[in-house]
């Protein structure tokens with residue numbers, strides 16, 4: 001029988017790395033975080049396993065330029081959410097070797113704030129993560145970035161949230177438009193206010209996914225384009 005295993009390669013920006021005493025400490029932290037991600041993904045009830053292939057903590061001298069290239073002009077304390085995803089795609093498309101090549105999802109963890117600044121706006125909309133929708137298994141597209149600015153509150157929820165975007169789900173309350181999946185059920189039937197992970201995350205439901213999210217992920221996983229997450233169970 002086939003098992004569904006989503007394999008991750010995690011990279012951390014130099015500011016994130018600086019919070020730890022060693023590269024091993026970064027890896028240990030991310031490993032604990034992924035236990036939390038697995039617990040949240042389990043609420044989809046789709047028997048999806050998450051597997052951490054490895055972690056590369058960037059340091060000032062080794063950090064690729066795509067991170068600094070993604071800062072919001074005039075607001076350099078922020079990473080531009082749209083730019084970071086675009087620049088990550090380009091970088092890992094050109095550096096498609098090793099763990100980056102093996103991974104189903106490549107995720108960047110940063111400590112800087114992330115935001116979106118629309119033309120004409122002066123206020124930045126702050127967000128916790130950004131990713132390429134429905135792009136698991138799609139080389140050169142299978143990327144996301146998450147903010148984690150606290151040593152104690154491991155942001156497993158943000159990683160799980162962005163993972164599910166990559167696995168074909170919109171936010172609760174949103175239809176399938178923009179998913180790039182013509183026959184996806186979308187999530188318009190599950191109100192944002194129900195408080196699930198892809199919605200407003202309330203006390204009652206904030207640690208689980210809605211039925212709509214489940215159906216969207218199930219749909220993408222039924223397509224040939226998601227074949228990279230299937231493997232022989234004996235592995």
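Glycine is treated like the rest: Cβ placed from N, Cα and C.
A 10 Å cutoff on Cβ-Cβ distances gives residue 162 (active site) a total of 23 other Cβ atoms nearby, all chains included. A helical conformation is recorded for residue 162 (active site) in the three-state DSSP classification. Look at Swiss-Prot and you will find 162 tagged as active site, backed by sequence analysis.
Taking a C-beta cut-off of under 8 Å and a sequence gap of six or more, residue 165 (Zn(2+) binding site) has these contacts in its own chain: 131, 132, 133, 134, 144. The annotation Zn(2+) binding site is assigned in Swiss-Prot to 161, 165, 171.
The domain 'Peptidase M12B' annotation in Swiss-Prot covers 4-233, and the record cites sequence analysis as its basis.
Under the heading N-linked glycosylation site, Swiss-Prot lists 232, citing sequence analysis as support. Packing around residue 232 (N-linked glycosylation site) is summarised by its Cβ count: 9 other Cβ atoms lie within 10 angstroms of its Cβ, all protein chains included.
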Cβ-based neighbourhood (8 Å from the centroid) of the Zn(2+) site, residues 161, 165, 171 excluded: 129, 131, 162, 164, 169, 170, 197, 198
Integer Å distance between the CA atoms belonging to residue 232 (N-linked glycosylation site) and residue 161 (Zn(2+) binding site): 26
Binding-site residues (161, 171), the one with most neighbouring Cβ atoms at 10 Å: 161
